[in-house]
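Visitor: Swiss-Prot lists these features:
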type: DOMAIN; residues: 63-167; note: domain 'THUMP'
type: BINDING; residues: 185, 186, 267, 289, 298; note: ATP binding site
type: DISULFID; residues: 346-458; note: disulfide bond
type: DOMAIN; residues: 406-484; note: domain 'Rhodanese'
type: ACT_SITE; residues: 458; note: active site, cysteine persulfide intermediate
């Protein structure tokens, strides 16, 4: 069994050297991701496609491979195929017939062929021959070229016939690391998760910068969002998560800054700090989730004033998106439930925010800050490899337990993503198992029976520890981590 990875059309339009570089990078990215699923994964690059081979003795890996490929930037779509050899057009038909006889019975169908290589026939001739044979010697209703109930997809390359058994849509975009790195300001809300995802999809290695205004609980929640985005869409490359203790800045704003200017001043201080951190990391651009007119600090006038605080390029991929469109995208990429349970701190510090800030007035207000404030904040920022989040949780999860045995009043919650759970169901005889994906746990845990203890389970124990620590921070103490 194999997968044929089709490149995103924008890659195909590049010049030959750029196309080769992008294709080679995509091959490396696919290999990096799939090797974490199975060490025997085989990945081979061609000019206009990439082949992925599922080990013959491990057909169960096909679903896992397909799910991972669907989340790798730079892929238009993936087709899962079974491989056959052939000697003639009739030989092709004879091999297609037993595979599709039952599938097209009582239905309309058509045959579609893609062919590469030198043959004494063309694609249309194969379509007519195979289609005619299937129409004559099966119980199909007939051929319908437009909107058939079943499409028989075949690909021919040299003397090989590939029958397409499944088509998986890809992310599109460019392969990871074909663009320069960016530093994304992430709060854990709807907007910043989507803006981060869009730059991952565009091929930029996306690092995360979090301005902590709400203590440990807020940081844990944001780390879950960042880890989910990286693990799902950017796992092929290492990135950093930077946590900035921003409470001192907020304290000085509340104490010294005019009420109407607070929102704009806060954003300018964030941009200054992020720019300093980005420079240290060799990054040339900051990404934010700002959208025009969404809040008072995001008017054109205010955004212009905010941008004047630094020479660093500030990118706003959501600038013209409606809020509902952002939420819909948030739901699609799996960060909606995180965002719903995330506290919002930035909007409460100004009662009468200005929508037309004057640069001179804002700069005058900023002279009231302590001279070394940003220097101190930057020095206190903590940057970690995002892969270390699991290890960090191990050192902080002292308030909960990791168990291997299950007691009478304990319930196991399988928090894996639905596709993971379906691929490898958790079954424990005599034990109640609830299936709540990790991205829904924060919103659904409050509805569970408080008299019972819940054991969180995931494949590697990373997300279960994150979720346990987050729930403990919220005041729940009937939660443990289950590691059989």
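Glycine is treated like the rest: Cβ placed from N, Cα and C.
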Visitor: Fill in the CA-CA distance, residue 289 (ATP binding site) to residue 458 (disulfide bond), as an integer in Å.
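Guide: So the alpha carbons of residue 289 (ATP binding site) and residue 458 (disulfide bond) sit roughly 30 Å from each other.
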Visitor: Return the residues near residue 458 (disulfide bond) by Cβ distance under 8 Å, restricted to its own chain and a separation of at least 6 in sequence.
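Guide: In sequence order, the residues whose Cβ lies under 8 Å from that of residue 458 (disulfide bond) (at least 6 apart) are 414, 415, 416, 438, 464.
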Visitor: In the domain 'THUMP' (63-167), how many residues does DSSP call helix, how many strand, and how many coil?
Guide: 34 helix, 38 strand, 33 coil
Visitor: Rounding to the nearest whole angstrom, report the longest C-alpha distance spanning 185, 186, 267, 289, 298, listed for ATP.
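Guide: So the binding residues stretch over 16 Å, Cα to Cα.
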Visitor: For residue 289 (ATP binding site), what is the secondary structure state per DSSP, taken as helix, strand or coil?
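Guide: Where residue 289 (ATP binding site) sits, the three-state DSSP reduction gives coil.
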Visitor: Per DSSP, to which secondary structure element type does residue 186 (ATP binding site) belong, with helix, strand and coil as the options?
Guide: coil
Visitor: According to DSSP, which of helix, strand or coil covers residue 458 (disulfide bond)?
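Guide: Going by the DSSP assignment, residue 458 (disulfide bond) belongs to neither helix nor strand, so it counts as coil.
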Visitor: When secondary structure is assigned with DSSP, how many helix, strand and coil residues does the domain 'Rhodanese' (406-484) contain?
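Guide: Across the domain 'Rhodanese' (406-484), DSSP assigns the residues as follows: 28 helix, 17 strand, 34 coil.
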